[in-house]
Amino acid sequence: MSAKDILFDASARAKLKVGVDKLADAVKVTLGPAGRNVLIDKKFGAPTSTKDGVTVAKEIELEDSFENMGAQMVREVSSKTSDVAGDGTTTATVLAQAIYREGLKNVAAGARPIDLKRGIDKAVKEVIGELRTISNDISGKIEIAQVGTISANNDPEIGQLIADAMEKVGKDGVITVEEAKGMDTELKVVEGMQFDRGYLSPYFVTNSEKMDAELEDPYILIHDKKISNMKDLLPILEKTAQSGRPLMIISEDIEGEALATLVVNKLRGTLKVCAVKAPGFGDRRKAMLEDIAILTGGTVISEEKGYKLENATISYLGQAATVTVDKDNTTIVEGKGQADDIKARINEIKNQIDASTSDYDTEKLQERLAKLSGGVAVINIGASTEVEMKEKKARVEDALHATRAAVQEGIVAGGGVALIRAAKGLDNVQPENEDQKTGVEIVRRALEEPLRQIVANTGTTDGAVVVERVKQGEGDFGFNARTEEYEKMTEAGVVDPTKVTRTALENAASVAGILLTTEAAITDIKEEGGDMPAMPPGGMGGMGGMGGMM
């Protein structure tokens, strides 16, 4: 084990504070509509320009190990807030720095760190309760656009795109952000359920221009096993042909005699048919087939459930308004399943998402949820240069996370106003001693810091004056840093998701409390470069005398 370096009490906290301040000072310049960009050097390629707090925080590594520990603790505030709420990372960093700074002053003056932390925790609990009280539910497209605009650093185009996407695919729909090949940023929506499986044979194509198979009002056969024997499939084919409607087959695979017979019947015009492989693998495939069955009102023909393909009847088949299949994807529009069954399935998947501990599983469950809920929207980001594209894509992703958070828990007045109004909740705190009371006052002072920093970034107004003026106001009265005017923030479209504000405060207080109660810091002693063994001299030792051979 390598030797360790240890610092205690005030010495440890002072070093940690230097690290906290270095990271926070780099991050907080990005806060608010007047926030500045940070340029980050990359070992490969062009530097990255960003106004995203968590991106800045993740790039910071300090040379001094003790300072770096402080910086990494605050980086944790930023990344945790980003993971949970998707935005608010800079606000969280500013709050953490303010709570730690004020707390350190009091620890140096003789306050007990543990009681300070307890006071801070009690205060945060009451402030969050007050935030929930003043929060308003979000419903309209305009409000969603406002949240997206603010989170995208006041870019109304991005706010409107996200509002359009949410309107088309619903609040549970999947919205993905991709890089466009051109310079235009645009929204593309795929309605219905789409999965990444194309036709098994190009002979199934009905539209030779688009090279896709379009089935109107088809029956849908869903089978979880491979189909290779024609006699198993024949009974249901005959019943479908008699009805005169097209047939869509989704199964593990179709091969040999069965596939050849389907192609021949399609070419002869006996039966309008198309076949695709089932999406996914293993247990996820079973779940997705069940989703398709519920969406279309059909039954998965599975021997595990006691159903056999040769005994299948029309009642086993699902139905939809249209099914479109190209070489890569299958899209089912307006499945004719029972609304109550679909709703129950959606709730079941939501419960699985809540219980999931894996990011990958959660992502796949959310995709399934979206496909049942109404569709997938893709925002294609266009820009002139790669640097601009990456910066814009990061802003769109932030804005998307923020709007989802707003839909979940509502919105509060933005621009740091909500935190100042929520300070009213501190009157309900019952501290057990003077040090806990001091902890409450630390939070009261810290709640003003985001507004103070937003104003500082404008570079034109005194933050202390603005904070006092806002504190004298009521409701959503605040300072709009973009126009540099005092006005009602909600009417001006300056709003924040409640979840973002809440998460930022919770995480900031948690990490600041840990830092305040730290009494020792331990790190590896860095080995000096001079301790490395000397390299042997150049050439091949012992062969110097060979020079006389020339």
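Glycine is treated like the rest: Cβ placed from N, Cα and C.
The shown structure was predicted, so the numbers you read here are calculated from the model rather than taken from an experiment.
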Matching residue for the ATP site, where Swiss-Prot names Thr30, Leu31, Gly32, Pro33, Lys51, Asp87, Gly88, Thr89, Thr90, Thr91, Asp496 - out of Gly170, Gly173, Gly182, Gly415: Gly415
Listed range which Swiss-Prot flags as region 'Disordered', given the options 137-159, 436-458, 459-481, 528-550: 528-550
CB contacts for Gly88 (ATP binding site) [other CB atoms within 10 A, all chains]: 32
Same-chain residues at least 6 apart in sequence whose Cβ lies under 8 Å from Gly32 (ATP binding site): Gly415, Gln453, Ile454, Asn457, Thr458, Ala481
Residues that sit under 8 angstroms from Lys51 (ATP binding site) by C-beta distance, when 6+ apart in the chain: Thr30, Gly35, Arg36, Asn37, Val38, Asn153, Glu391, Arg395
Intrachain C-beta neighbours of Thr90 (ATP binding site), sequence separation six or more, cut-off 8 angstroms: Val27, Lys28, Thr30, Leu31, Gly35, Gly53, Ser78
Among Thr30, Leu31, Gly32, Pro33, Lys51, Asp87, Gly88, Thr89, Thr90, Thr91, Gly415, Asp496, the record's ATP binders - longest CA distance, Å: 17
